[in-house]
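Notes to accompany the following structure.
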Amino acid sequence: MMQISFSPELIEEKEEKRVARGGETIDLFRPNESTAPMRKTLVALIGLALAFLAPKTSAKFTPNATILFNKDEIFEIPGLEVMASDKYPHFTTIETVSRTKVHRHRREVIAGPIYDWNSYEIPFQIWGGDYNFQGLIRRGIRMWEESTCLRFRENMQSRDAIRYVLEKGDSCFTEYIGKNGGHQDIIIGSECAEEYVVAHETGHALGFWHTHQRPDRDRHISINWKNVMEEATASFMPFRSMLQAFGIRQVSPRRVPYDYGSLMHYHAVAHAVKVSDFTIVPKELKYVTTMGTEKMAFLDAKVINDIYCPNACQGRSNINCLAGGYPDPNNCQICRCPEGLGGADCSRLQPSSCGGEIHANDQWQTLSSPAGKDIHCYWRISVPEGSRVRFRLSDGEFPCSYGCQSYVEIKHKLDVRLTGFRSCCYRPKEDTVSENNQIFVIYHPNGRTARFSLRFRRQV
């Protein structure tokens, strides 16, 4: 982790404020003057509810507590087989609870609607920290700029701005979900300063709720409440249940598929009393290490582009994007494509030096990873229309981490916009069958020693 210098004299002394985190951007509501009173009422009601539900000591959130395990210490999961190196870093990414500090205040949360900024230009300020910290913040927000139309403008005079504040310690969090008006602080602790943490917390300020708190989350995950730290209970509650407690109805449903690979999804052992057991269990266990990623998902960026610049390419592009792609608001002459797809209209395989097109037949074939640590490979394995691809990861070895920094990903769903299941700790023991006539295999060792073998054939 980068060393960040902490300068107390550069950091504003202010009253503590903390947030109980919410769900996900699937419900969109654009505020105006007539809805402002309703918003204040929502804030007050939900804040009171969470103050009652939460324990007296508020949770402090810290990412990247690194724990080293031996291979034989990883716990068994039915239907999955261990696929890890002899020793590996087990990252607890994004907002793990710490009990080391007491905050005497009422928790606040904005629940239900998303409150967006009025422009694709987002004012921001950086308070405290040295050159390294300021560079870290800019790299974190650049993750959003590279994938969306958003542009963050540093403006120390703006009265409405996201304010990145360095604090000593291991606490990283966002004050509000969406725009609240005035200075909205994103606290970055000196011990949890990472680019993806900045991007995750910025996502909240832009209007994102946590994926694992979506109203439909029970179709996709189960919560192991017995292993959830008491301080973190509110971080696992679906926000619809909080609204229903007050008879408040959601408005303007925005349908976005549930994506285990969203930047806004907790990992499997987040807020765990015992890291030897899960707090979040995916219904499809093969996605267990997909959750908690440090990368931005295709749908994360698409939701923001749909909200902040839906007409950016109107009248400027005649391109017809396929496979769920859309005209890139940063360059309307090309498509933004789901990972694995490329070409002008997303009809081709994403270019790479070590992948390619493979046509499966009725005989078992094997795809093995090429040598190299700093490579990115894309394969498409296809069969004729009406057939399916049957496949299994027959072998592999990766540094194991929840969120998978080094992995092989297989996209086998009909909706190619969704993140595939990423394997770095486990691999399914049984065969998997694609939902249509193709699968995409994505290999990102990311500078680490790794390997995999995939067996596949056509299934009629």
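Glycine is treated like the rest: Cβ placed from N, Cα and C.
Noted in TrEMBL for the protein shown:
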ACT_SITE  GLU201  active site
BINDING   HIS200, HIS204, HIS210  Zn(2+) binding site
DOMAIN    108-310  domain 'Peptidase M12A'
DOMAIN    354-460  domain 'CUB'
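This view paints the features noted in TrEMBL onto the structure.
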| residue | record | CB count, 10 Å |
| --- | --- | --- |
| HIS200 | Zn(2+) binding site | 29 |
| GLU201 | active site | 26 |
| HIS204 | Zn(2+) binding site | 22 |
| HIS210 | Zn(2+) binding site | 26 |
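HIS210 (Zn(2+) binding site) sits 10 Å from GLU201 (active site), counting Cα to Cα. This prediction places the mean pLDDT of the domain 'CUB' (354-460) at 96.
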